């Protein structure tokens, strides 16, 4: 699978030649762009979503009522003690994760995004603005509709003075994810949802004000993240003004002092492929859980960001880089040969450690998000030693993991590649990588909770058990099982006696 188009060399030349010119804001349609975005491809987002809410709400209500008592799965003791892995209990309209194909956004694969979504005229990466439209509507936007999102986010990107002061007053040694969460939480001061709710908002209109807060939050996220970046790593210096000629990703890169248009393309790729991954992961589920209490999108997503900051969720690409750096140091080479890499991998496994960046809880094939990044590197940094080493690791690790006989997925995931690309362009501040992840993930989860409110999904309240409860429950089931199967007990004994007499 190759995600780069044949015109990639042309794109490379075009991007380099037209750095910081208005051409960067000329949008081009994908092969199918503009056909399904809503009405004639010119309708605005709110109009398109309002049309869909009316029909989808009726469809979902009918299904939920008619099939209310239909069972879709069972729960085992191991699942309860194993992080609820695989329990079918969550609703996610925006994306689904297929073990063989990887993530699908509203039914579209990563390849489909490349084929169908609008891009910049010189670019080859889907615009995150177009991905957001897709997640919100399930339809492919026209280039005009993608531009509508860009223009609105640019218009709403300015931070209130109190947020600027809050960020500037935070210690520069405070983790950037903590700073991001605090700043996002503070934006709830101006939440349109909460203001309307306090005035007596109708349930059927919850989604409208959730969408307004969503648009405001996503618009401001790059500005918040860039300000944190400048304070921590640039001595507070840099630009915080939005350039209306640039798109969402381009402005984000520029405010972090990255002017290279190829890095802008990388950021479009990164922000698109990390945006959603169904609702079962920690950051998505946490956002959904908090939002189910009718918390506004700002504090709901701040909660999700706190989950993303955990080392088992959003820090994975950092762990990959740390492992690679240890390998380089021990082997004394920036790009050690394959046999040495193989020995180091086996040494890592013998020490009882995992190979970071390989395997996935759900996927059983190569993560297509990994492939998209790999193909980007083949075009823009084919001779970079970091990329060459990642390729060597890609060749070496899967056969070794498969030989163990107990690894369900020996293939690389998205985290095995992303850090290396950022390093190439000079972003070596690994602590900040999770912030980029956080900016991206907002597109998916905020779209999703808007739809939850359109469907008036109630507050989450699953049943919990103590270990003693579970022991008693299992004991009771084991005692009843022979009766259900016709074995044991008085009736079972009588039946057995009759059989003998016959």
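Numbers here mean position along the shown chain, with the first residue as 1.
Each Cβ is built from the backbone N, Cα and C atoms, and glycine gets one as well.
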For this session: Look up region 'Disordered' in TrEMBL and report which of 449-475, 476-502 it refers to.
Result: 476-502
Seminar exercise, completed: For residue 415 (active site) and residue 360 (active site), the CA-to-CA distance in whole Å is 10
Exercise. Between 313, 360, which of the active-site residues has the fewest other CB atoms within 10 angstroms in the structure shown?
Worked result: 313
Exercise. How many whole Å apart are the CA atoms of residue 313 (active site) and residue 360 (active site)?
Worked result: 11
Seminar exercise, completed: CB neighbours within 10 A of residue 415 (active site), counting all protein chains shown, number 25
